[in-house]
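Here's what Swiss-Prot has on this protein:
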type	residues	note
ACT_SITE	206	active site, proton donor
ACT_SITE	341	active site, proton acceptor
BINDING	164, 341, 370, 371, 392	(2R)-2-phosphoglycerate binding site
BINDING	243, 289, 316	Mg(2+) binding site
């Protein structure tokens with residue numbers, strides 16, 4: 001009976017931005033250990049599960065997580081001890097019942113998620129399986145097409161670019177290994193282009209460059225140049241993906257989108273939709289995340305009707321990995337994809353439920369990191385287990401991002417001849433161009 005939980009430990013550690021986060025150890029009766037650390041976001045949806053912070057301004061500027069750690073040790077651990085680590089659903093539902101709030105504000109989503117992920121890791125260790133094998137069983141053989149963040153703007157940097165993330169997707173690669181090589185080559189080529197133009201090549205939270213470009217358009221133009229100079233064809237070998245994070249630009253009082261980092265221009269929902277439609281015609285853009293604000297459901301509907309058959313439209317702040325919001329989106333025919341962030345919802349069980357709902361509705365799903373990350377690689381295993389075929393985990397720099405890519409390279413090697421990389425074919429929610 002060594003598969004039962006013997007003890008749960010927790011501690012406060014540091015994330016990639018130097019802020020505290022929660023790490024948990026789940027120890028089974030046979031000594032099997034599962035360890036997991038949770039991430040945190042910079043731009044967060046208003047409906048996300050609550051990340052419990054201590055609020056003591058004299059310690060870590062109020063961002064300590066000792067209360068969440070105490071909740072694991074004093075509340076969660078005593079209740080889970082003796083339970084089977086092999087029943088992930090039962091473990092997760094027990095924690096949800098202990099919390100008893102709709103947004104996990106009592107125990108903290110950071111406390112609950114750390115234990116949820118660590119439990120899965122402990123169970124995999126007990127069974128002698130890799131985490132992706134344990135969570136995904138025989139279906140776990142699809143490597144994801146990566147969204148590699150190469151230019152940062154908005155809340156992720158200190159420059160004049162309004163939109164948060166400009167990414168590349170190696171849709172023409174044959175393997176994940178090739179996809180990473182192609183992305184790295186474009187990343188290094190872009191660095192040379194920026195340097196020649198006199199721009200800084202320092203990087204933002206997610207490892208992308210944060211140059212003080214003259215306009216939002218210039219970001220796309222230098223990326224196009226980098227793709228070509230690296231020897232690839234834009235739109236065929238490598239496509240562009242965007243996360244403008246427009247909730248950060250939206251003024252709910254005036255219902256306008258304010259391009260506050262660049263021109264100061266104010267756009268209505270209709271004008272924002274036309275803005276994206278023009279960009280999609282001008283650049284090889286295959287995916288736009290949070291193209292409209294989370295509160296602007298009417299704007300989202302207009303955007304989906306306008307370009308939803310051509311481009312993957314990803315709801316992040318809109319859906320916050322929550323089946324209630326996703327159900328609303330499906331019923332309204334809003335967006336055609338969901339971003340999956342485990343810490344937005346707080347348990348692995350709820351994460352699987354969200355992906356299942358998305359797939360049944362014909363929506364694509366992208367497993368994602370957060371801007372505040374750790375060396376934890378759970379999402380790399382998770383994306384293979386879920387078979388979503390897409391991952392968003394930053395640039396080709398910073399160890400907190402590279403850790404996920406390296407884990408996926410290992411997984412592809414382990415899978416050998418049964419490993420699949422679908423490239424452009426992962427975009428089943430849009431018409432093939």
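Here the Cβ of each residue, glycine as well, is placed from N, Cα and C on the backbone.
Swiss-Prot feature annotations superimposed on the structure.
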residue : record                               : DSSP class
164     : (2R)-2-phosphoglycerate binding site : coil
206     : active site, proton donor            : coil
243     : Mg(2+) binding site                  : strand
289     : Mg(2+) binding site                  : strand
316     : Mg(2+) binding site                  : coil
341     : active site, proton acceptor         : coil
370     : (2R)-2-phosphoglycerate binding site : coil
392     : (2R)-2-phosphoglycerate binding site : strand
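Put simply, the residue listed as 'active site, proton donor' is 6 Å from residue 371 ((2R)-2-phosphoglycerate binding site) when counted between their Cα atoms. When each of the binding-site residues 164, 371 is scored by how many other Cβ atoms sit within 10 Å of its Cβ, 371 comes out lowest.
Each residue in 164, 165, 242, 244, 245, 288, 290, 314, 317, 339, 368, 392 lies on the same chain as 243, 289, 316 and has a C-beta within 8 Å of the C-beta centroid of that Mg(2+) site, without being one of the site residues. Taking CA atoms as the reference points, residue 316 (Mg(2+) binding site) and the residue listed as 'active site, proton acceptor' are 8 Å apart. Note on proximity: among 164, 206, 341, 370, the recorded positions of the record, the Cα nearest residue 289 (Mg(2+) binding site) is that of 164. For the residue listed as 'active site, proton acceptor', other Cβ atoms within 10 Å of its Cβ number 26.
Neighbour density for residue 392 ((2R)-2-phosphoglycerate binding site): within 10 A of its CB lie 29 other CB atoms from the protein chains shown.
The 10 Å shell around the Cβ of residue 289 (Mg(2+) binding site) contains 28 further Cβ atoms across the protein chains shown. Within the set of recorded positions 206, 243, 341, the entry lying nearest in space to residue 164 ((2R)-2-phosphoglycerate binding site) is 243 (CA atoms). Separating the Cα atoms of residue 243 (Mg(2+) binding site) and residue 392 ((2R)-2-phosphoglycerate binding site) is a whole-number distance of 11 Å.
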